[in-house]
């Protein structure tokens, strides 16, 4: 068995010239820097340590030429690498024999000493000089007196020899203790001040500064001078700002930089305040490195991610400037980053030019009438130009190009006020000179006009369509977009609904304004003005179109804020803090997914897709306007503006970022110079907390590329992630994240086709976890050669179920015992064979093990998008940990569905659920997806397999209608049961043929077990051992055992790989916990020869 891919927390980082090394698990990954450290590319990966994670990497100083030696250490293991640079890449090779060495004690720190030796700080408070070449031997070793329990260490003076070697160690008591190696009996210094264990130290000899980080969430800077000297060492800075323990610290010049378990990398100023905060990781930070030349930072986290941060000086926080708008502004819009438009309460329009620093009138008071609305659209063909539209409370419309404010096109649209006004790009119109304008008025009437600029004349207006919004209290549109398919219009309204209309080009010439209006006179005093065109009569000739599709109240009562078309999908945002992904199918809107981009973003205004592939989310977090990057997971801009209930506008360009808003009766403008993205993702982040479950979706083959395995994982961080795990790169690439759960994701189950296609894969995914919540998705995986992962994933959210919502819908619930809303789903299993033609309604059934002592069965009606509780039983009366469903198809008989459940008392129960499923299918067919839960009855058979909780369970069918049931327990044992199905007169029974047990199969909980074939069983445990067992008449016999590198193992999944021509069959196993690992297992054909007996002593 061998490990072929690994995702583990990044626990060590080191810059070696223009190469960045990252320690992830026992492996070291190399990235070649370019552009002065502004970018990096993967250059290589190598397994270094055997049974420990790399906790530190130390490059030999002054290493030039072709190779640099690097010491890698973790736990009791030590190895030396050679990093060879050249040819635009970097190669990692072993040095000193190539094998990692067990030095017998934990290595806290390593530094290169004279002669190429290593100075080591060891557990127990020892310091040593080690010769790593050859077989490895100790040259000098000393134990430091009064050390206590160490948590970190720093070494100085190693290059000057043993007499100058100094050890500084952080203790669990919160002190930093300093010794000289030559006189280690007593400490030279004790630096006190921390109120918790000191977890990290960093010493800068040229400046005589020592930085310390502690679990009390503080960072301290000490003026120690020469580390081994005596005397007092004053504390220069005490820095508080982290929200959790601080596990890594470095020095960037005279300023400390720290990384904490709150996921933040903070750079501190001279007064102890936060100078710059860097965030982006999903979980705790475990590693930090500062590049001496260039000032780059690198961070590594428990999420398996590594990021490179560009050197950038902290700019002064740009403050919003009051522009002193004339009159009282009602609405504000940005026409480019340097021009602000303000519509006054009296209906006048004014423009502010940032270059001139003053306001200039565009239209006089009364131009827009009372209660006017304002909309602006940029024109790429004119430098700084834009189309501007004003709608008034009297139903009039004025349209002008800002570069020619004297040419105004005026029209009368409605008998009442213009309630909504907005621009939209339309396929078929030249975007440089024309755009579509949508205006809504009384009674929910929506008009579509095409507007085009003409040289020396007012813009032309052409009425294209007339639509009717559905009845509601706030009946006007807020946004619209024309999908690229053509012939359709997607519109969002103030009620939060999303509407789809059919649109077509009406015949006839465009209706245009006959002349230009004088800017000094009011626009269109009456419908007979020569400068005003009336559409009141013309629009009656157009049919009033009703929507083809209505998603009523999709974004709640606060309204839809934007509609965007990108990549063949429609995206909508709202003030409910979510954005939704939709698709057009058969001229209907279908919601695929709902996204919450980040915690605390209550109001999402707009989505912007960048050319680099990033998705920017514009919205409001509390009282600040933010621009959130979904790729890097950080705020690119944050402007304290008081909230989004006032009129505001945002503009982004290569020259500047601008945000204008109204506050206290004035127009405020925030401008900042655009800055390139500060961070680069080197290793993608997966989950911020432990991975609790994993399933393999399948393999997708793309022509010209190797097959790619796709997995889905669930985590304690409330998300599920669909990802690829490659043997070639040994790394994972996330495809999409599912974030609909409100608590941890504890279990996953799949229901897919029996023979999926190589080119694509479609499957149903069920995810369950805390707060009694189950979510169901339809996943479609296809090949995408243009993407980095070569796989594209489309997600359709099918249905969801929560017990508290189910309780609220129940009748006569006052007579029942209330369901516990804190119930957790511990395990899920899809009942096979329930989508056959014999059922009256096509549906699938899902079995769930629940923490409240029940076994529940749910029915999924995919077409109706309903997940219904159909049956349950509280037979176990204690937490049910695992369920497995299996199907029995006798020769010439009716198929029967069985369910196996295991609880915390070590019992395994077997149920015949054929009758409840058939009855539930009939009830769902009759009641259109609504029914009262049935009783599962009593189990057919109960087996006391273990003395405590069953953490793993697997059922495999054997020939002649027999089944192997394997289970693993908290007591470290494995139990295998051989069953036979006995069919009687209309009933079925189960008979135990054989029971085999292996006590103490592992030294800890057995959390994963799989029956690979009738004679092979694979088990994995929290003791990080993966064991292959031979199953025979006499019991279980271990064939091979390997160490895997995922701590706190939660679950495993296995599958058989197709044997290559002339090759032997083999299996793959994926393990999850504090990381993710893919292991290849060779299937042994025969039992290995026993070892020869030892000779008598």
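Just so you know, glycine gets a Cβ as well, placed from its N, Cα and C.
TrEMBL tags one of the stretches 443-464, 465-486, 487-508, 509-530 as region 'Disordered', and that stretch is 509-530. Below 8 angstroms of C-beta separation, residues 151-154, 156, 168-178, 233-240, 242-251, 253-254, 256, 258, 260, 266, 268 of the same chain, each at least six residues beyond the ends of the repeat 'WD' (191-222), sit close to that stretch. When pLDDT is averaged over the repeat 'WD' (191-222), the result is 94. Look at the repeat 'WD' (191-222): DSSP puts its residues at 0 helix, 19 strand, 13 coil.
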